[in-house]
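Now, the feature entries from TrEMBL:
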- 53-295: domain 'G-protein coupled receptors family 1 profile' (DOMAIN)
- 42-62: transmembrane segment (TRANSMEM)
- 74-97: transmembrane segment (TRANSMEM)
- 117-138: transmembrane segment (TRANSMEM)
- 159-179: transmembrane segment (TRANSMEM)
- 185-212: transmembrane segment (TRANSMEM)
- 233-261: transmembrane segment (TRANSMEM)
- 273-297: transmembrane segment (TRANSMEM)
Amino acid sequence: MSTLAPLRLLREPWNASEGNQSNATVGASGSWCQGLDIPNELFLVLGLVSLVENLLVVAAILKNRNLHSPTYYFICCLAVSDMLVSISNLAEMLFMLLLEHGVLVMRPSIVRHMDSIIDMLICSSVVSSLSFLGVIAVDRYITIFYALRYHSIMTLQRAVVTMASIWLASTVSSAVLITYYCSNTILLCLIGFFLFMLVLMLVLYIHMFALARHHLHSISSQQKPPATHRGGSLKGAVTLTILLGVFFICWGPFFLHLILIVTCPTNPFCTCFFSYFNLFLILIICNSVIDPLIYAFRSQELRRTLREVVTCSW
């Protein structure tokens, strides 16, 4: 898959001199360093699946007034972020295919502007997606530990301010990233943001799981725990494992790629790792396909509304 300007430079680090880059490639010319050839059709199919899934989630939440709450608004924003991932992927694919086949003829300056617009969309969707994953974790934490005060803590006004702030910050940060993509400082900020979100989710979800274990232990110390409690505890453990596992698997390789760009752009091992950049992009798109299955489709109310949306029962 052809990538646009800044993403292409992420694949081939700018802070390595041409000579060192060549030497590193020669020194690491094993067969596994040849990268992975991913067909354009796979990007296209995953993008379309993600787009349809997340579009259904947004439509269901907008349709059902019972889902008009901060929790579902955050899930809706996550779906919109994932839709942007799909739309930017599809737009990039269409744009490159039209240029390659001569259907679309543009001046180089216009092509560069189109590159910047699509890349801003990609970067904004990445930052907003990570942000809303963190916000959803915080929202669930408040729901469990401050259940009686939840509606006073997470008011609709605060939810709207949070969502607006995230979208504004995502737009501004993506513009800065595209403008100064050759700066290691920008990459370090992006890496730091990812690590912050990872630690935040780890701490919150582990604390929630610890509370569930403590609750189950308290019950078992008084009497034999009912099967429902044992099943609930197991289900909670599986859910948290899936949440953190999917987050780390889908986002981890991309951010490890960024870390290696900063720390060892000419190292033979790092050069080999860079050749799998398209695979890391596929994992991010897969995350936008999986998110609705984890955060949205598990809700019985939302599934019922989705059936109504699909069957056009408005």
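The backbone N, Cα and C atoms fix where each Cβ goes, glycine too.
Averaged across the domain 'G-protein coupled receptors family 1 profile' (53-295), pLDDT in this predicted model comes to 81.
Looking at which of 42-62, 117-138, 159-179 has the most CB pairs under 8 Å to the transmembrane segment (185-212), the answer is the stretch 117-138. Here the transmembrane segment (117-138) sits against the transmembrane segment (273-297); at least 3 CB pairs are under 8 Å, leaving out pairs fewer than 6 apart in sequence.
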